Amino acid sequence: MPLYTKPFTSKSEQTPQRDLFVCLCVSQVLNKSPHVFSQLWLTFAPVADQSAKFLGASLEQINWLSLVYMVVAIPLSFGTTWMLDTLGLRTTLILGAWLNMAGALLRFLGAFVQKGPAFPLKYLLVMCGQTLGALAQPLIIFAPTKMAALWFPEHQRAIANTMASMSNPLGILVASLSSPLIAETPERIPYLLLVYAVPACIICVLATVGMRSSSPPTPPSASADSSSSEPFFKGIKLLLTNRAYLVLLLCFGSGIAVFTCFSTLLEQILCVQGYTNTFAGVCGALFIVSGIVGAILLGVYVDKTKRFIEATKINMSLSALSCIAFSVVALMQQQKVAVAVVCSLFGFFGFSIYPVAMELSVECSYPVGEATSAGLVFVSGQIQSVLYIVLLQALTKRLADSPLSTCGDAVLSWKVPMMVMAGLCAFFTCCFVIFFHTRYRRLEAEERPVYGTGRRETPTTSESAPSVKA
């Protein structure tokens, strides 16, 4: 690694504020928000019953409108990590914006296919639109870690990653609230698709004309200035032989899968006990708002203390406890307060882990490229999400009688699936707490050229945290 002698904080060499603002905003804008930021993933999940009637599909087919994002992302993610590390942020984000817009418009147009013999075509066109949006997803969702590494100094990376990554749950929040309000009946599904298509077009224009650079003219840190990131395929090989990274890959990927299941199936789980779509949307909103608050607080804390490992282990443990509590209270009738509180706690402890864990994936795998190390964690989450949702659906049992149900024609028991989900969450959390240990390799590499320090003995427990001089 070449010695870095530039004064990173020199006023004359700071990152141009306009480019910094545009890069951060576009990374947020293009994440998976179906209303404000025009991501399409969870458009139908909060109104699954109405969507099934409008499209002439079963609930399982409606769930596949969300699952297609995971299925498509798995093979595409490897190409995306190569694009981000090789072609840069600008090219990748603009391509993602155009795919996202095309998917939103195709869904909207597909809603106007006439009924009759061509009625199944309506579902097919909507699925094709979802697939285009799914192609855009990895192009966008991998960007925050790369952006934080290229545009921000080390004492701001965690909070920058948090700000960009939390646009993902913000999109789920908007979908959870707006979809039930807009699509109160099956006939209003086209209006719902229009509401999500308009922002997609606006964001595409913003990305195309707004982003002019993939990186700032002056690197903000030693690792950003260094060109020592390993080649893509060599980086993959290094990751697959890194024990700490493999533990993070498997265990945090399981966490992503649990949260995907929660977001996708929440309305179907709660309606069995008589809770309305509106209440399910409120619970989804509390889940997200609490998660955003927790992520901001944790991001600031980790930026100041560099306690990545301790913060991740503690929050994963509390998140697992919240998941267990949800699996119990979600099966109770007339317990709105308890359900809402547990959803809030689940979001507060669970969502806050995401940006910190992505930064931790880079720290334990440096000098592998940021997009590659964070991207494989996302791929692991997508693979496990597909497996979890298919498994949980297979474990449901049709109920002959449920007088309080608001689910429509199909009433399913989610008792066994909820217990299985809680058990998986608890198991992988225990594995992570016990087996994950690592040094902070990127922080060590940044200290050596600037301060001439040697290897840092980074703690893996709460004894002491690494400190990096500002």
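The backbone N, Cα and C atoms fix where each Cβ goes, and this holds for glycine too.
Unlike curated records, TrEMBL annotations are generated automatically.
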Problem set entry | Where TrEMBL places transmembrane segment among the ranges 91-109, 376-394 | 91-109
Problem set entry | Whether the transmembrane segment (244-266) meets the transmembrane segment (91-109): three or more C-beta pairs under 8 angstroms | no
Problem set entry | Criterion met for the transmembrane segment (64-84) and the transmembrane segment (121-142) (at least three Cβ pairs under 8 Å) | yes
Problem set entry | Distant-in-sequence neighbours of the transmembrane segment (91-109), which means Cβ under 8 A and at least six residues beyond its ends | 26-27, 30, 38-40, 43, 80, 83-84, 125-126, 128-137, 139-140, 142-143, 190, 193-194, 196-197, 200-201, 203-204, 206-208, 211, 214
Problem set entry | Tertiary contacts of the transmembrane segment (314-332), as residues 6+ beyond its ends and Cβ separation under 8 Å | 251-252, 255, 258, 262, 269-270, 273, 294, 298, 338-339, 342-343, 345-346, 349-350, 352-353, 356, 414-415, 418-419, 421-422, 425-426, 429, 432-433
